[in-house]
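The next block holds one structure in the form of structure tokens; read it before the comments.
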Amino acid sequence: MATLGTGMRCLKSCVFVLNIICLLCSLVLIGAGAYVEVKFSQYGDNLHKVWQAAPIAIIVVGVIILIVSFLGCCGAIKENVCMLYMYAFFLIILLIAELAAAIVAVVYKDRIDSEIDALMTGALDKPTPEITEFMDLIQSSFHCCGAKGPQDYGPNIPASCRGETTVYHEGCVPVFGAFLKRNLVIVACVAFGVCFFQLLSIVIACCLGRQIKEYENV
């Protein structure tokens, strides 16, 4: 095989550097997914079951990106056309999955308030020890009371709805909903950022693979 020219060595270096960036991005993705997963899981098992799918999916995608990026690094170092094309193919699959997950997170964000409202209203109508503990944790953490306000409890306002001197007047639906939205936006932004670097990697890896194939035929 002929020696790669300066331009192709530059492409090879670009693929390697972009894969290092993708490796780092995958760690950020895993970290962001884990952070959101831990945050959501702190506020009760019922809520966790509703929201756990998005952060877990992001963590899984991050791990896959880590493996695929390693494949890309090996393909660039070994100048292996098959590995480079496999790498590009897997990146395309991941890119589609990440874009779908990020779009779902952004779209689903608008349904958070209605779902939290239904969850908390139902919880207050049929309280159990677990639900009471869940509401107490939300109320004391976010300085809110009930689903829509302290009137949800009538005269029996719990201690978790009280500060040092006053009762919390804001309902927990908008406050806790805003918390969930912020965390979903974090996941979506990280996913979109990773997609940008992956798209660059796909284009450059395909260019490098084509050029290596041409040099092999010289």
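In case you wondered, yes, glycine gets a Cβ from its N, Cα and C as well.
Since we're looking at a predicted model, the values are computed, not measured.
With respect to the membrane, Swiss-Prot annotates LYS39 and PRO129 as residing on a common side. Long-range contacts of the transmembrane segment (184-205) within the same chain, counting only residues at least 6 positions beyond its ends with a Cβ under 8 Å from a Cβ of the stretch, are 11, 14-15, 18-19, 21-22, 25-26, 28-29, 32-33, 35-36, 54-55, 58, 61, 65, 72, 75-76, 84-85, 87-88, 91-92, 94-95, 98-99, 101-102, 105-106, 108-109, 112. Per-residue pLDDT, averaged across the topological domain 'Extracellular' (37-55), gives 63.
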